[in-house]
Amino acid sequence: MIGFIGYGNMGGALVRAFLSHGIPADEIVISTRSPEKLKSLLDEYSVSVGSMNEVQSADILFLCVRSSDALDVLKQLTSFKGHLVSINGGISLNDLSSIYSGPVTKAMPPLTAEVGRGIVLLCHNQICSTSKIIEELFSKVCSVEILPEDKFPDAENITGCAPAFFARFAEMLAESSNFSSEESLKMAKETLIATALLLDEGKLSLNDLIEKVATKGGITEKGLQVMDDELPSTVKKMYEHMH
Ligand SMILES: NC(=O)c1ccc[n+]([C@@H]2O[C@H](COP(=O)([O-])OP(=O)(O)OC[C@H]3O[C@@H](n4cnc5c(N)ncnc54)[C@H](OP(=O)(O)O)[C@@H]3O)[C@@H](O)[C@H]2O)c1
């Protein structure tokens, strides 16, 4: 049985990702503070909804509440005996292991797991038979990268946060146009999706794609020159602010 505590942005994305990639609904049990938010999931899948007590009999338990609530919730799990997976940024394996003495995996999954893509970062507090099961489970919905815990912040800037950065940049491009916001947002979104598909299916590197669009002396090249001058210091500042 696979349990989830918390059904918000990430808990919801993970549950839906596992369900649409072959994990049977009758192997999933969810406990969350506002069960009414499970309605549309329950219309589609016959997962179980359980109390905090019931979810503790799961073999694998995903802790998907916010980081500020995670340790308090973990302290309530007095009968859980399985493999704990915490997706909480900012909470260390040491913090988790000081409360729960069994096997723990720190995972940083991407929201994009819901569409079966992206990279999950994993780090286990001990290698045991269930560590492999956790890796196999995630590999159904995204690529798996095992990393030492101290490398998480650098990697998650890209694997975890960048979907929001890419989307915000597309919004900014739209907002700077003279079209209505509905039209320009549609153009920006469609172009973002098409770019990702081209990178994926055309097997282009990021730089190949840049060179193909930015014709020598053309307007894209001029725009890129400004980006290259101005944006690296902004990105550096963003990363400094985040950690
Ligand atoms: N969003 C991402 O892309 C992403 C990626 C990787 C990791 N993460 C990590 O995932 C964690 C959750 O983020 P999120 O964006 O999914 O947060 P969220 O949308 O606020 O979801 C948190 C969920 O936990 C529930 N909850 C809170 N306290 C609870 C309790 N005591 N018992 C049971 N359920 C409880 C909330 O219930 P209510 O519905 O009542 O609020 C909500 O369903 C964070 O630590 C974040 O760092 C997020």
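Cβ from N, Cα, C; glycine included.
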Candidate sharing the NADP(+) site with Ile5, Gly6, Tyr7, Gly8, Asn9, Met10 (per TrEMBL), from Thr32, Thr78: Thr32
Ile5 (NADP(+) binding site): tally of other CB atoms within 10 A of its CB: 27
Cβ neighbour count within 10 Å of Asn9 (NADP(+) binding site): 12
Residues in the domain 'Pyrroline-5-carboxylate reductase dimerisation' (149-240) grouped by DSSP into helix, strand and remaining coil: 76 helix, 0 strand, 16 coil
Candidate with the highest Cβ count within 10 Å, taken from the binding-site residues Thr32, Asn53: Thr32
